[in-house]
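Some features that TrEMBL has for this protein:
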| type | residues | note |
| --- | --- | --- |
| TRANSMEM | 45-66 | transmembrane segment |
| TRANSMEM | 78-97 | transmembrane segment |
| TRANSMEM | 109-132 | transmembrane segment |
| TRANSMEM | 138-158 | transmembrane segment |
| TRANSMEM | 170-187 | transmembrane segment |
| TRANSMEM | 199-223 | transmembrane segment |
| TRANSMEM | 286-308 | transmembrane segment |
| TRANSMEM | 338-359 | transmembrane segment |
| TRANSMEM | 393-413 | transmembrane segment |
| TRANSMEM | 419-440 | transmembrane segment |
| TRANSMEM | 461-484 | transmembrane segment |
| TRANSMEM | 496-517 | transmembrane segment |
Amino acid sequence: MVAGGENMYLPTHSSAQNDQGSIDSGTARLNELGYKQELKRDLSVLSNFAFSFAIISVITGITTLYNTGLKYGGPVSMTYGWLVASGFTMFVGLSMAEICSSYPTSGGLYYWSAKLAGSQWAPFASWITGWFNIVGQWAVTTSIDFSLAQLLQVIILLSTGGKNGGGYEASKYVVIAMHGGILLIHATLNSLPISVLSFFGQLAAAWNLLCVVLLTIIIPSVATERASAKFVFTHFNTDNGEGINNKLYIFVLGLLMSQYTLSGYDASAHMTEETKHADKNGPRGIISAVGISAIFGWLYILGVTFAVTNIPYLLDEDNDASGYAIAEVFYSVFKNRYGSGVGGILCLGLAAVAVFFCGMSSITSNSRMVYAFSRDGAMPLSSVWHRVNRQEVPINAVWLSASISFCMALTYLGSTVAFQAMVSIATIGLYIAYALPIFFRVTLARKSFVPGPFNLGRYSILVGWIAVTWVAIISILFSLPVAYPVTNETLNYTPVAVGGLLLLIVLTWTLSARHWFRGPKTNI
């Protein structure tokens, strides 16, 4: 692998630098690709990393999906599943980073697909990748902010006495209202200049790191009864209550927690038009976000799991946290030691702030994708969504993203199953968008691809194929039934949701878009 220094530009990437003097290398490359510099380029490599790291947010994914890991396999599926998912996710991240170095634009994935698929396939490749990416991002934002609303509801429940002490349990309408309020705050924050968002992004990254360290130390230290190392590293929970007994099948389902958490790092690509020296710093943002998240996520899992001694009780909906496993862990360790669960509630508050920052950064990434996609005319009312205000912020794209995420969450009022199907697009849909440009890179563009300052050298094709294969595997695995016998209530609607999205994308292309959409279009 070759990570570029200042003098590692290839001839095709250097002309703009030479012709334009001291112009930023990211701006020079953007101009070469045919785009004007319209957004304010003010982000450092740290800020670029911070946005992806805040969206991955190991606190968010592990806290909200700890129930899934605990239920399907328990300690083994979480401890080792995290390592498996992290390893293969790094292959995906490395391949994306290499492509990002060559094409540092806000469009990210869909732009890459257009360039790598060749002129004949470029419009369709761009269309399908872009829509999977943008809908996947909206589903991610929906999931994050809805998870925060649910976490806040549990915090309120515990603060008012817990389920067994007459605590307040919010109705689904109250949870939706909280979700809407959170989105409103996030959209307002994202209407601020990028310099302010950069500060919040770095604060979010620091908060996530600090929270992981604190919670990893505090929770097992306060616990009056701790799990043994043997339990944490060897106990496999087969008592899932869903009629699934095959250990390999259970382990695979437990992987969902890890793979769901390790997503969203395409944010570094979407922020490249606002990042200094983006052809080098964009790739660094992607790789560092995945790598650091992998390390700190594993530590967080270990810290919490060492405080787990009774899995059935943590998953029991009649406990004080109403079955929210990680909240019950935090609450009970403090209550057992000090006679009060206030400390556990405060720890949940720390986690909630991390989830809040995660949702804020997700909207930032969403809006940049909307801005770029509409700049190329792919969206209805494109001229509206790609406008930037005086502070060089794509303000309309920000509020569109928040509004659509709220509408997606409304399915929860009608059916929990429908909501889960909607949210499933967050993992599978997004990873399909990740895999498509990588697939084009290792097939159609195998010989024509011109790498940027960061490249994988002779390992590029091998790493790319591993990444594509992993995405294909998880797309199948996460579409399998999660309970037996299969009924309307237990059916895994992921393939229905993702298949429906694919059908809609292809139909709109066939009936309309193929006549007018030509892929990314330059504005210089």
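Yeah, the Cβs are placed from backbone N, Cα and C, and that goes for glycine too.
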* Could you pull out which residues elsewhere in the chain have a CB under 8 Å from any CB of the transmembrane segment (286-308), counting only those six or more residues past its ends? => 49, 52-53, 56, 58-59, 61-62, 66, 69-70, 75, 78-79, 82-83, 86, 89-90, 93-94, 96-97, 100, 208-209, 212-213, 215-217, 219-220, 223, 226-227, 231-232, 258, 261-262, 265-266, 268-269, 314, 326, 329, 333
* Two-stretch contact, the transmembrane segment (170-187) and the transmembrane segment (393-413), at least three Cβ pairs under 8 Å -> yes
* Compare 45-66, 78-97, 109-132, 338-359 by their Cβ pairs under 8 Å to the transmembrane segment (496-517) and return the stretch that comes out on top. => 109-132
* Selected stretch (most C-beta pairs under 8 A with the transmembrane segment (109-132)) from 138-158, 199-223, 419-440 -> 419-440
* Asked: Ranking 45-66, 78-97, 393-413, 461-484 by Cβ pairs under 8 Å to the transmembrane segment (419-440), which is first?
  -> 461-484
* **Interface check, the transmembrane segment (393-413) with the transmembrane segment (45-66), three or more C-beta pairs under 8 A** => no
* Near the transmembrane segment (138-158), which residues from the same chain, at least 6 beyond its ends, have a CB less than 8 A from one of its CBs? -> 55, 57, 60, 63-64, 167-170, 174-176, 178-179, 182-183, 186, 263-264, 320-322, 324, 327, 331, 341, 344-345, 348-349, 351-352, 355-356, 358-359, 362-363, 366, 401-402, 404-406, 408-409, 412, 422-426, 429-430
* Residues from the same chain, set at least six apart from the ends of the transmembrane segment (461-484), whose C-beta lies under 8 A from its own -> 72, 88-89, 91-92, 94-95, 242-244, 249, 252-253, 255-256, 259, 424, 427-428, 431-432, 434-435, 438-439, 441-442, 446, 490-492, 494-495, 498
* Structure fact -> Residues outside the transmembrane segment (45-66) whose C-beta sits under 8 Å from one of its C-beta atoms, at least 6 past its ends, are 78, 140, 144, 147, 150-151, 198, 201-202, 204-205, 208, 211-212, 215, 256-258, 260-268, 271-272, 275-278, 280-282, 284-286, 288-290, 292-293, 296-297, 300-301, 304, 325-326, 351, 354-355, 357-358, 360-362, 364-365
